[in-house]
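Engineer: Structure incoming, see below.
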Amino acid sequence: MMCTRLLTLLKPHAVKRNLPQICSARFSSLRRQHENIITAFCQPGSCFNKSDDHKQRIWSPSLAGHNYGTRFFSLTPAGIVNAAPAFVQPYLRLMRLDKPIGTWLLYLPCTWSIGLAADPGCLPDLRMLALFGVGALLMRGAGCTINDMWDKDFDRKVSRTATRPIASGEITQFQALVFLGGQLSLALGVLLCLNYYSIALGAASLSLVVTYPLMKRITYWPQFVLGLTFNWGALLGWSAVKGLCDWSVCLPLYVSGVMWTLIYDTIYAHQDKDDDLKVGVKSTALRFQENTKLWLSGFTGVMLSGLVLAGVNANQTLPYYCAVSAVAIHLAHQIYAVDINRPEDCWKKFASNRNLGLLLFLGIVTGNLWKKRNDDQYETQLSSISN
């Protein structure tokens, strides 16, 4: 009897008829096993449960916090950091490689200056843009390292910063100091690729980088000092291209950048104002409180005035002023719409400033290319008159 059933099943038409049912049953079995695994790992106390405090110590960061069955690597900054070797990850997080918005905000004033310094009808110097991009990445990392070394005791008391590598003990002060030396050495290598004027000008910014983290202890205006630091590239970019600063362009551009930083970093500081009160540090968010939007509107007016003055002195054209108008609209919406009592909304508005900076850079490049078009039209008119 058994042999007869076996022979029947082995017939070609029987296999063809029964194969879908066999595959379906096998697939259902595997799916149930998969669901059981997920259920087991997601129980309270499981290393895959997000609420378990020690998951990061037991599982690789590439696994922790992810659902079973999803891909572990992505090309996002956080995904790249999580895919790095475990011993490297704390250093990458120390330099905020997983949160690149700060690097963008440091880099963009450099691009504005390099773009304004380009010859009429030409694109910005791509070599300079690349050098300043690497320099911004390194100097932002160095600044974050210095900040975390100064603030390790404060960071432990604030929920948003308690997991930073130095505050959490993943990296010691000595290790951070060695890492800082490496970042500054590489940044010096980038700086030495520039002319002597720019080397001296770039070196002068180091005092701001070192002292900025202390400002929140002594003044309600640490965002102003951050603005002086973060927008140094508005001076350095022009000098790197031209050999020295044209202060009629660089100074208004620098002032505009400082005002821009006061806007976005005040919004950012509203995320931490309750914790800042507890630990005793100061910020413009605490200084302005409910008058924040009025102050930010004033900073916006100064920023836009500086951009217009820089454009006039750099002989910019219509596309540039269209971009400045778009920047004004972006800032007006940002200030009007932000809810300073909702940290997630503050972060969203803060992060949107990358797009604002890119928009202005696009306006500078397009406006510079427009100069070539106007020159060609002028030459055509002259030749037609002479004929």
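Cβ coordinates come from backbone N, Cα and C, glycine included.
So TrEMBL lists these for the protein:
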type: TRANSMEM; residues: 101-118; note: transmembrane segment
type: TRANSMEM; residues: 130-150; note: transmembrane segment
type: TRANSMEM; residues: 171-190; note: transmembrane segment
type: TRANSMEM; residues: 221-241; note: transmembrane segment
type: TRANSMEM; residues: 253-271; note: transmembrane segment
type: TRANSMEM; residues: 292-312; note: transmembrane segment
Engineer: Among 171-190, 221-241, 253-271, point out the range having the most Cβ pairs under 8 angstroms from the transmembrane segment (101-118).
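Structural biologist: By the under-8 Å Cβ criterion, the transmembrane segment (101-118) pairs most with 221-241.
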Engineer: Looking only at residues six or more beyond either end of the transmembrane segment (253-271), which have a C-beta under 8 A from one in the stretch?
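Structural biologist: Non-local partners: 105, 109, 112-113, 116, 160, 223-224, 226-228, 230-232, 234-235, 283-286, 288, 292, 295-296, 299-300, 302-307, 310, 331, 334-335, 338, 340-341, 343, 346-347, 349-350, 353, 356.
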Engineer: For the transmembrane segment (171-190), give me same-chain residues lying six or more residues beyond its boundaries with a C-beta closer than 8 angstroms to one of its C-beta atoms, as numbers and ranges.
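Structural biologist: Same-chain contacts beyond the flanks: 90-91, 94-95, 131, 134-135, 138-139, 141-142, 145-146, 148-149, 152, 165.
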